[in-house]
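Enquirer: Copied straight from TrEMBL:
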ACT_SITE  Asp7  active site
ACT_SITE  Glu65  active site
ACT_SITE  Asp139  active site
BINDING   Asp7, Asp139  Mg(2+) 1 binding site
BINDING   Glu65  Mg(2+) 2 binding site
Amino acid sequence: MIILGIDPGTTSIGYAILECSSKPHLAVADLFTIRGVSTQERLKELYLGIQILVKRWRPDAVALERLFFAKNAKTALAVSEARGATLLTTALAGLRVYEYTPLEIKKTVTGDGRADKLQIKKMVGIILPQTAGLRARDDVFDAIAIALTYYYKDANRKPR
């Protein structure tokens, strides 16, 4: 099974590919960084980037962070646009998307729904030893945690 985890953002989108058989293995994790362009161009670049990932890895499922709340309305709108582009791209590819709130992700990966970024990184390093010492932005670790949430919560469930 191959899982694509995506952490949508305004200008940086974290993504991770987990290959899972008896246990998860991180195949790739990185960041799309799209800055200094119009909203339309940013969403197009995100669409193209996700399309490449889908064609290259052929994931069985996509796990996406659900926007729970935002203090800044402008940021919430930009993240929602990125989520929309992601949902459209994956729908066109015929993929099912599983969405999780930040609280669900933190609780699943660390056991604590109020865990901070450092705790998430530490637990990801324990679950996936090849990530220990990985120097990456929080968005990348969040994408890995999102993919792991699918693995632990929904990978063995039958589709509804």
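Cβ atoms here come from the backbone N, Cα and C positions, even for glycine.
Keep in mind that TrEMBL annotations are predicted by a computer and have not been checked by a curator.
Owing to the predicted nature of the structure, the values given are computational and were not obtained by experimental measurement.
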Enquirer: What does the structure give for the C-alpha distance between Asp7 (active site) and Asp139 (active site)? Integer Å is fine.
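Expert: So the alpha carbons of Asp7 (active site) and Asp139 (active site) sit roughly 6 Å from each other.
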Enquirer: Within a 10 Å radius of its Cβ, which of these active-site residues (Asp7, Glu65, Asp139) has the fewest neighbouring Cβ atoms?
Expert: Asp139
Enquirer: Taking the Cα atoms as reference points, how far is Asp139 (active site) from Glu65 (active site) in Å?
Expert: 11
Enquirer: DSSP on Glu65 (active site), three-state: which is it?
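Expert: In the DSSP reduction, Glu65 (active site) maps to strand.
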